[in-house]
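Engineer: Attaching a single structure in structure tokens format; questions to follow.
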């Protein structure tokens, strides 16, 4: 679904709505600062005119006036920026919280957006709201008020001068609107390209060893070069439109200034007898009009310079809408600590990824092997039992449906030994159990037959392992995840191929460890192909066709 | 700072001609901007004076007014050309820098690669390179052009108006504006680089949090981890705020500086007029030139504020570029099959050897199983044979192309076809289906995989990774626990399929399962 422009605008204004007061103050400061320039210009014009006509002047006083007004403008700019900045900070903070809360509860499935793309949205793209609020918003306020004011003042001095501005001014928004439309599409395409490139890179970076082994490094580099070049061309496309729009604008502004200079010059020479309300233009009025002309176009130039910020903000809003609209399956529950709650497990009529799952009844303290062909859904069934993928209310724990209210309590008594090993970017100790005592950790490691593994690590428990357990062998990583499970003192253990990567003897030891936990009262549910593990468990359930 | 020069030299070497033209146009834009306002001011006052004196008809209006129009249009054109040229050149140079960086990262040794956290490396390739795009465009060019234009203005005002006025107008702009920029650059330096660091840490943190979310949820630590990220976010925003505060302070100070320059020029030039040393039109020229010069420093403001961020990014990028490529070539022998002579191997370079003095010859068509308890170095032997880790001592002679299914192969997002294409870019659908069948994997080629191959079961992932290895028709095949996660019939079918697919390959399998051992012609126990 592609959101309409109106929806995007609505999302954007909903984002900034809570900060409306601050943004309004910033806008007022921006407009007032700009009007002070009119006074500065008037002082300069009278000063120079006085010199030309030889009238006596309080020159020093006028000079100080120019400097003082400059000081006031700088102060207003500071105040406005502080207001916008505070607003931007609050808006970004709120949006990040919102996005993160949505993303980290997405079920770990194929359809979930890549974590790199989500991180880019949360961290980089949302940060683009800052220049939007800091530059575009005040520029928009100025463009609404300042050119009109200058137009009125110029008209009051000379109707012809006002006419010059009135003619060259309104043409600009028309051109800008046309160019802006093109820029929006180009910019959206560029954003997509950036997200695609990031997702591709994060995947390739995680697979660099495999890529080397497949001699695919050159293919990858060529592929990347093509994508990077594509991104460069898209970026330039966006920039070209931006440059073109500002060139059109500057051309009109420059022509406006030139026309004003020529008109005023000829009037002063007495060669033009029209354009005023009576008397001929004086030198002071002429200089003043000349100084007003660039100021008339300046807000338009500012808004053109900030155009890209606005387009970026719109594409952020578009991504936010897409992120909200994605109907990705959610992890059940909040993932917060809770008092453990256990009970018999009952599964009725569960369908996962289009496959029917068997109905199950598992009493507390049972030990069950889930068997079946590879790809038959054993792992999915375990994920559903853990509440990590939705089960449509097919799972009941102690009679209560596994839902958002009950899932955290259920998982508090649960340990999951996943098939794909994942270590958080922290020390081994923090990965095992951040709050456990040395003694508890030692006991769990002993139980998992992993003491020698830890002893071999360069920094022992303080070692930081790779994301997928680099630094230890597959069997060693498996045993560490079993120690991690044991430390949770679980009432239920869900284990996905717990004896994978293990030799006969270690496998036997790990099975013994699992059975040890089971004998202490834990329910054990293991998806496995290992005949020895199947034989060690009293009950067997066939999953899949 | 040295790394900034290094990057600048790289860009310049890559795109020298475009950069020189861009710089020339930047100077033209600055000069014409000042010229336009100065000429207009002079023209109006001179015309006014002539009109008052009744000389309106003899005053030459055409040359100045043509000059005003020329400067106006030429400036716009030059600005468009300059922006397009410099941006195009910079983007091209950065794109090739990105590719070189990825080439450097991917050429790192096994130990570095296996510890690589994808999030951090992504930062180098995207955020750090992006941070450098302002180096030439927003910092070096405006600075050089501003300096050249200031010198030209100084000379112009010196001769056309008066030395004192010229010194004041240019001096306050260059010294005062430059001073503000240096101060602002310094003030933003530390918060700027800290803000960038925190933003990168936040990005890496979000990626790690999301990739580990299943584990965090089960541990009941999702909220705790999210809270930690939100704290990180607050800190990142605080630093970003500090950096941008330094930026607006600089902007405000530049405005004050411009106002001081302007008022001083008005007073000085006015005094000269009253003293009769210059005409009022020259005074107008000086005042408007001073007004226009404020743009020179304003153009530099953003670049100065980004200096800290750019320097840090350049430091990291240059360091990553300098990583020496250390690809090991595993063997160059021509005798077919695989021969290990007195091979001693360690899991990683510098660690204690786990296997010593291994002698083993595998002829084409033979299958050898390497068994032994976990941690005895089966994987280390395969890593060494595949050339990932150098041997401690001894020699590996591999006669032909080596294919290696590792213990934890990483799949990439995309379709099954994309995965196979990565290994064999020219393969057609037919051979692709055949190799999947050989791996006992019944999966349509258009099946879509998520990040890291998500969506497939463990056994399916392994078989797809195997298919990816087999499609290259290796002469020597190394398999690390190939049947892990497979039921016995599937495993048997797969092992049969491998042999049928590669009848003449020398196969070395690290295994501890009985059914792996079925097709083995020999078993070596470590």
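Even glycines carry a Cβ here, placed using N, Cα and C.
Remember, TrEMBL labels are computer predictions, not curated facts.
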Engineer: Write down the single range among A:120-138, A:139-157, A:196-214 that appears in TrEMBL as transmembrane segment.
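Structural biologist: It is A:139-157 that TrEMBL annotates as transmembrane segment.
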Engineer: Choose the correct range: of A:2-25, A:26-49, which one does TrEMBL annotate as transmembrane segment? Give that range.
Structural biologist: A:26-49
Engineer: Please give the sequence-distant neighbours of the transmembrane segment (A:139-157): residues at least 6 beyond its ends with Cβ less than 8 Å from one of its Cβ atoms.
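Structural biologist: Distant Cβ neighbours of the transmembrane segment (A:139-157) are 26-28, 30-31, 34-35, 38, 165-166, 169, 276, 281, 285, 288-289, 292, 295-300, 302-303, 305-306.
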Engineer: Which value does the mean pLDDT take for the domain 'ABC transporter' (A:340-543) in this predicted structure?
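Structural biologist: PLDDT averaged over the stretch: 84.
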